[in-house]
């Protein structure tokens with residue numbers, strides 16, 4: 001069974017309590033359960049990981065690139081959190097690993113503060129899902145399934 005890696009970046013471990021007016025009341029555990037259900041529906045294995053550390057996320061993207069190249073993985077769904085707006089290193093990792101990646105944001109970043117309007121990740125992503133809440137994870141998983 002092929003796999004999809006779901007990566008959540010900094011502060012997403014606080015889902016459910018951090019700014020619920022922006023992100024809703026679903027916890028990270030709720031999101032991971034939703035992703036597992038979506039994976040089962042599409043016949044793919046889902047692996048969920050979260051880190052507040054840029055280097056860890058980069059290492060996981062490199063690992064995913066090797067898994068994709070070996071034919072074991074379909075790609076990555078990633079909510080890069082605030083690294084969206086700051087991390088050229090994540091952009092370079094995605095490009096360098098040649099990993100199909102769907103960038104995902106729970107909130108509509110374009111309707112928020114000006115600094116959130118630019119993404120370093122988007123030019124390296126296969127697609128982007130923004131502002132659809134946690135249901136965006138389900139759509140992102142479906143987008144990677146052939």
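Just so it is clear, glycine is given a Cβ too, placed from its N, Cα and C backbone atoms.
What Swiss-Prot annotates here:
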SITE      18  site 'Transition state stabilizer'
ACT_SITE  23  active site, proton acceptor
BINDING   79, 85, 92, 106, 107, 116  substrate binding site
ACT_SITE  105  active site, proton donor
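The shortest Cα-Cα distance between the residue listed as 'active site, proton donor' and any of the binding-site residues 79, 85, 92, 116 is the one to 79. Of the listed binding-site residues, namely 79, 107, the sparsest CB environment within 10 A is found at 107. Considering other CB atoms within 10 Å as the measure, the emptiest surroundings among the recorded positions 18, 85, 105, 116 are those of 18.
When other Cβ atoms within 10 Å of the Cβ of residue 106 (substrate binding site) are tallied across all protein chains shown, the result is 24. According to DSSP, residue 85 (substrate binding site) is assigned to a helical segment. Across the structure, residue 79 (substrate binding site) and the residue listed as 'active site, proton acceptor' place their CA atoms 12 angstrom apart. There are 20 other Cβ atoms within 10 Å of the Cβ belonging to the residue listed as 'active site, proton acceptor'. The separation of residue 18 (site 'Transition state stabilizer') from residue 106 (substrate binding site), Cα to Cα, is 13 Å.
Take 79, 85, 92, 106, 107, 116, the residues named in the record as contacts for substrate: the widest Cα to Cα gap among them comes to 24 Å.
The distance from the Cα of residue 92 (substrate binding site) to the Cα of residue 18 (site 'Transition state stabilizer') comes to 29 Å.
Within 10 Å of the C-beta of residue 92 (substrate binding site) there are 14 other C-beta atoms, taking all protein chains into account.
Residue 92 (substrate binding site) falls within a helical segment according to DSSP. Within 10 Å (C-alpha to C-alpha) of residue 23 (active site, proton acceptor) lie the following binding-site residues from 85, 107, 116: 107.
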